[in-house]
Amino acid sequence: MRIIHPSGHKCSITDTLEIAKPTLLMSLACTIKKTSIDTMKPSMKVGVVALVGVCVILYQYHLSAGVRFDQLNAGDPGVSYGAANVPNNELEDDDNSYNKIIEDKIRAAVQWVQNVHGLSPDLQNILVAELINQFRKTRIPSPLHLKASEDFKLKQRTQEVTTINPSEKIPPLYVITPTYRRPEQIPELIRMSHTLMLVENVHWLVIEDAKVPTKEVTKFLNRTGLRFQHLTAPMPAKYKQKKGVKPRGVSNRNRGLKWIRANATEGVFYFADDDNTYDLDLFTQIRRTKKVSMFPVGLCTKFGLSSPVVKDGKFSGFYDGWVAGRRFPVDMAGFAVSVKFLLQRPNATMPYRAGFEEDGFLRSLAPFEPREIELLGDNCTRILAWHTQTKKNEPSAALDMKLYRSTNLVELKQQIV
Ligand SMILES: *[C@@H]1O[C@H](CO)[C@@H](O)[C@H](O)[C@H]1NC(C)=O
Ligand SMILES: *[C@@H]1O[C@H](CO)[C@@H](O)[C@H](O)[C@H]1NC(C)=O
Ligand SMILES: *[C@@H]1O[C@H](CO)[C@@H](O)[C@H](O)[C@H]1NC(C)=O
Ligand SMILES: *[C@@H]1O[C@H](CO)[C@@H](O)[C@H](O)[C@H]1NC(C)=O
């Protein structure tokens, strides 16, 4: 397929994207020059600059929609998106309404510049006409095509990812976070969500030790914009009633594993408690996990850290303040596991044994030997996760309803523990 460059040159498909953007902006600049920028009032110049800004934003929106120009061309059905699955008239409808939206936006933008900076009506008309003209010339495709067929979209996306930029196809990272209601819960989850917002293709499994989801958590998760799953998994009564240290977070993590078994096919998962601090490099590194990867965790136990011991680039044991006969004396935040590896081990599970959760789980991944551990963090020379251990706070005192019944405090108190 060939696309005619507005300057009259023919260019190949692969050039299109590179050419189209400068072309639109150049033409815009020419338009403005033709209408003689020197004769404009300073305020009008500001207006024109604002208008160019609007156009750039509109344009970038197209780019971010992930559509290449050569993949979609309403005038050339042979290369239309979804040509195989989607009736063409539907695509045309989409295109027409989409073009109309863009043209309306152009008119509105110019109108805005006119209102604020006083463009002459002539200049206003010229700008509108030229911008629409340029928009049509570059034949920017409608992202609505992508919605036309879910199936086709997926196929195209995968293809696109491999043809445009192979590094874009990143397998998912499942982050399993057990949590429970306590004064620090929401602030901890906020901190953690901010970390995850910086991680690509992450799927956050937040699992509460509760019978029903906590409203505050539901509301919070909904606002993060992250891809998440909000699940509940109360600790079984027999462990809850036990005296001494309870196997906290086990029902939650096993619920997370159950979700992964049912819903995931590739990628890596990681048990990330809500009170830890995570180096962003951690997420980059664990993505490559083939079986089980491990790395140093700071601020744990009396040794101050927990890490595999590495000698000459090879695993040679574990360093942890509390070994207690554990085969894998590691911290919960110190390892990541491949989803495929887990799926091949249908019996793998975390035992309800306080202090032995990590060891029990890693043992249940048998066949798996310590020498198979993938050492991350530059041969375990860098700490990738920190066991922060936030200070525990007492639940807050009850609110004096006589004094504060009709104040904001009532609503605020519902948000804290
Ligand atoms: C989540 O957000 C959506 C849209 O922002 C809203 O419609 C929905 O009611 C929210 N759900 C909860 C549980 O807050
Ligand atoms: C798998 O995912 C679906 C959709 O999110 C969910 O409804 C279902 O409960 C999940 N399965 C398990 C076992 O968690
Ligand atoms: C780990 O150590 C081995 C042996 O010294 C070396 O070959 C390798 O490059 C190191 N890897 C990293 C990521 O530093
Ligand atoms: C899983 O456990 C069941 C029951 O204990 C056992 O029969 C089966 O062999 C185990 N499967 C694997 C792959 O270890």
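For all residues, glycine too, the Cβ spot is worked out from N, Cα and C.
Per TrEMBL, the features are as follows:
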ACT_SITE  E358  active site, proton donor/acceptor
BINDING   D275  Mn(2+) binding site
CARBOHYD  N379  N-linked glycosylation site
TRANSMEM  43-61  transmembrane segment
- Can you list which of the recorded positions D275, E358, N379 have their Cβ under 6 Å from some atom of ligand 3? N379
- If one measures from the C-alpha of the residue listed as 'N-linked glycosylation site' to the C-alpha of the residue listed as 'Mn(2+) binding site', what distance in angstrom results, rounded to a whole number? 26
- Fewest other Cβ atoms within 10 Å: which of the recorded positions E358, N379 wins that one? Let me know. N379
- Count the Cβ atoms, other than its own, that fall within 10 Å of the Cβ of D275 (Mn(2+) binding site), considering every protein chain shown. 21
